[in-house]
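Q: From TrEMBL, here are the annotated features:
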- 12-42: transmembrane segment (TRANSMEM)
- 54-74: transmembrane segment (TRANSMEM)
- 80-101: transmembrane segment (TRANSMEM)
- 150-169: transmembrane segment (TRANSMEM)
- 175-193: transmembrane segment (TRANSMEM)
- 200-219: transmembrane segment (TRANSMEM)
- 231-249: transmembrane segment (TRANSMEM)
- 261-283: transmembrane segment (TRANSMEM)
- 289-310: transmembrane segment (TRANSMEM)
- 322-340: transmembrane segment (TRANSMEM)
């Protein structure tokens, strides 16, 4: 990393740290994640350009994965028998929500078919934005709509689950810290496996690599203990800063212009998530708190991290979010290949003169 990268990272983490401290003082769930995301979002809208260098992101994702993996127990893996049923319900809710959200963006909010498809996707932001750039879509607008959804889910899910279901992460915290050499060995292995996962085009490659190695080592007794509290705190803070940095360089006018579309997409995907959770709860009797975090259309890394802070099964949560992204990887190109109707003038698209 260059000196500029280090300065940028220090500034972003300082802003995020202030938000995390404020959220911690008021007792907000997952304070480093939610507080960091909120503070950096507000700073970005105010005109600050905050970013994190790629090596720091990889390190944070790897540490998050390792930390999450230490909380996976044999009892959690026994729930895997129910995964096919819940994954099927998730698939239906994802596809239905995306079609409904896209329809509204086209009909009422002035999006063309391709841009509406990308803005309505409940996740896979990097993939979505790369497709938008390749196809000449409304990339800046799509990015804001997607960022509104991710920020809302990140802030609201832990608050709702903690308030309604009283979930805490205390039972997932290992009683002792792992040794320095053990942690370094896991980090090295995570980096290597993460690169392989990247080549295989798996989403959240380094998080999943860290989870897999850490869970395997933890269950086998080869890598006992967990990461120290300050390390976990910093990894969560980096995740929050990364979420908030998506608003960096976006002025308030741009955000306000995309607010209606962001609210629509968030409301539709949230409603379909609620229906999916209700169906899975009635049919399978799984804990609603676990289903909410697993079905919520947020980022894989953020939702897996939140599951740990709330004491929920991170393997179940991560599996469902990865499958959601794989569904979107297959579905989005198919939907974009189909021509849509002419664009209807909406709040952001002036009528022809």
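Backbone N, Cα and C atoms are what each Cβ position is placed from, and that goes for glycine too.
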Q: Using a Cβ-Cβ cut-off of under 8 Å, list the residues of the same chain that are 6+ residues beyond the ends of the transmembrane segment (289-310) and lie near it.
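A: Apart from its flanks, the transmembrane segment (289-310) reaches 29-30, 33, 61, 64, 67-68, 71, 86, 90, 93-94, 97, 122-123, 125, 149-150, 153-154, 157-158, 160-162, 164-165, 167-169, 172, 203-204, 207, 211, 235-236, 239, 243, 269-270, 273, 276-277, 280-281, 316-322, 324-325.
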Q: Is the transmembrane segment (150-169) close to the transmembrane segment (175-193), in the sense of at least 3 CB pairs under 8 angstroms with a sequence gap of 6 or more?
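A: These two segments do not touch.
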Q: Go through 54-74, 80-101, 200-219, 231-249, 322-340 and flag the stretch with the largest number of C-beta pairs under 8 Å relative to the transmembrane segment (261-283).
A: 80-101
Q: Within the same chain, where does the transmembrane segment (231-249) have neighbours whose Cβ lies under 8 angstroms from its own Cβ atoms, ignoring anything closer than 6 residues to its ends? I mean 6 or more beyond.
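A: Residues packing against the transmembrane segment (231-249) from afar: 12-13, 15-17, 19-20, 30, 32-45, 48-52, 56-57, 59-61, 63-64, 67, 125, 143-144, 146-147, 150-151, 154, 255, 299, 301-302, 305, 309.
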Q: Select the range from 12-42, 80-101, 322-340 that forms the most Cβ-Cβ pairs under 8 Å with the transmembrane segment (150-169).
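A: Looking at each of 12-42, 80-101, 322-340 in turn, the most contacts to the transmembrane segment (150-169) are made by 12-42.
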Q: What else in the chain is close to the transmembrane segment (200-219), if you only count residues 6 or more beyond its ends and a Cβ gap under 8 Å?
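A: For the transmembrane segment (200-219), the sequence-distant neighbours (Cβ-Cβ under 8 Å, at least 6 residues beyond its ends) are 58, 61-70, 72-74, 124, 174, 182, 186, 189-191, 193-194, 299-301, 304, 314-315, 318, 321-322, 325-326, 329.
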